[in-house]
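Asks: Let me begin by handing over the structure; questions about it come next.
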Amino acid sequence: MLTDDADLYFLYNLIISEEDFQSLKVQQGLLIDFASFPQKFIDLLDQCITEQGKDNPRFLLQLCCPSTTLGHGPASLNIVETNAFKHLTHLSLKLLHGTDVEIKKFLASCLASVKEEKLLLEQKLRQTEEDLSRQLSYTQQTLSEKSRELDKLRSEWTAQTTSLSSRHSQDMTAEREKALETQTRLQQQNEQLRRELESAHLRNTQQLQDRLAELESSNRDLTEKKYKSDSAIRDLKAKLVGLEEESQRAKQQVLSLRRENGTLDTECHEKERLVNQLHTRVAVLEQEIKDKDQLVLRTKEVLDATQQQKVRNVEGKQLQISKLEATVKSLSEELIKANGIIKKLQGDMKALVGKIKVKNTVTVSQEKLLQETAETLHREQKELQETQQLLRQREEEVSKLKEQLEATVQKLDESREVLKTNENVITWLNKQLNENQLSRKQENAGAFETPPAPSSGAGLRMGSTSHNLLGSRSFPPSSGQGYPITSTLNSKLSFPLSAGPRPVSHCQSSGPKAGLSLLLTSLLSFSRAVGLLIPGSYYCSYLPKRFA
């Protein structure tokens, strides 16, 4: 059945029986049977669906409908495969248009399905409305509860914030008091720590200087040892080169002796083979001599017999006997010569064996000498490696000592910079003292013109002004670093003038001298607070020069 959702009157159907399929198979040349036809038809439709989104689809599904003017005739459904050569039709089916009864049945089934879908949608809508109404009531209830809880939490939060703010203010005041106490305590500890660090720094500088001298002496010793080890290494390398040359020469001699030994072995084998050949020849000649002796005996017997029997042939037989004797003599001479040759070859063989023994002893001695030279070379190489390793260790020690020396020099430079800054502070203090003394002289000159107030009050006022003058100034920056100490001055010099030890009490007097002594006392306490060890006798020795 073929329908169209946009046109409800579009209805084509086709029913194929097995007989119809056989006729279709014959007409279109199909190769499948009736059982597999539906699945193959579905596969072709799937291929048409997959190819429909492409620009050049391979499989096409064509529906050829007749014109509406001619009535509702049969339509043809074609499955076509396209290629570069032609359009190949795999299957062509003729579909019949539906009758009025079939169209009515189709429309009725469509209306029934639409009504069922409508009922299902109405049920889902009612169910969703009920669910949403329940959720709305539940959310409204929870919202009211959460709002009440929010109001309660707000009231609790305001109460807690007020209590925490009051508690925080109390804690802040307590902490401020504690911080002031800890600040004063830490300032005292800082003064003590500065004094201790200064003394420790002096000790460390002295120790580092001593250590530097020791390291320089050890460095000189190590450099001397290094030079000695370098000279020893050069000597060992020269010895090693000589030993390697000797070993190469010994190896060449051993190779030449081995080649000579091989040639002598080949000569010896050839001589032995020749001796064996001569022995075989001697044995053959001896066998021939035996055969000739037997033949001579037989001939003698025959001769005796023939002498008895044939007197006539005596002369011929005598000739034969003389010939045989001549052959026997010649054979005996050849045998004597062969024995002489054998003896000569045996002597040569003995001489060759003696030479081979001498060569073997020489080669053994050469191999022993070569082995000894190899062992000495190995020992020398081992000693060279040990000396190189010792040299590397010495170099590592020298590098470590150099690093320590650089660190000590750096520390010494830092200590020199600190001393330089201290000297700058001392010069600045001397300058302030000179300025204060000049101002005091000017005040004293004015005091001689106008009667001064009582001496004790004047001294106190002058001391306080000098104290304020020092408290309101700060040191100029030194060459290496700045010295911001205004806050330190204000905190360290905030003590009453009537209390505390006075290191220059024997130089105090009434009037301007008393104010200057108070100024010197405050400067001395400030210098000790900063970390400068300035003796009090310096100020006392300085006062009489200005107010003698």
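Cβ coordinates come from backbone N, Cα and C, glycine included.
In TrEMBL, annotation is done automatically, which means it is predicted and not curated.
According to TrEMBL, the domain 'Spindle assembly abnormal protein 6 N-terminal' annotation covers 2-95. The feature domain 'SAS-6 coiled-coil' is assigned by TrEMBL to 100-129. What TrEMBL lists as compositional bias 'Polar residues' is 158-167. What TrEMBL records for 158-191 is region 'Disordered'. TrEMBL lists 168-180 with the feature compositional bias 'Basic and acidic residues'. Annotated compositional bias 'Low complexity' per TrEMBL: 181-191, in sequence order.
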Asks: For the compositional bias 'Polar residues' (158-167), give the DSSP counts of helix residues, strand residues and coil residues.
Replies: 10 helix, 0 strand, 0 coil
Asks: Pop the mean pLDDT for the domain 'SAS-6 coiled-coil' (100-129) in here, whole number is fine.
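Replies: Its mean pLDDT is 90.
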Asks: Provide the three-state DSSP residue tally for the domain 'Spindle assembly abnormal protein 6 N-terminal' (2-95): helix first, then strand, then coil.
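Replies: Helix, strand, coil within the domain 'Spindle assembly abnormal protein 6 N-terminal' (2-95): 29 helix, 28 strand, 37 coil.
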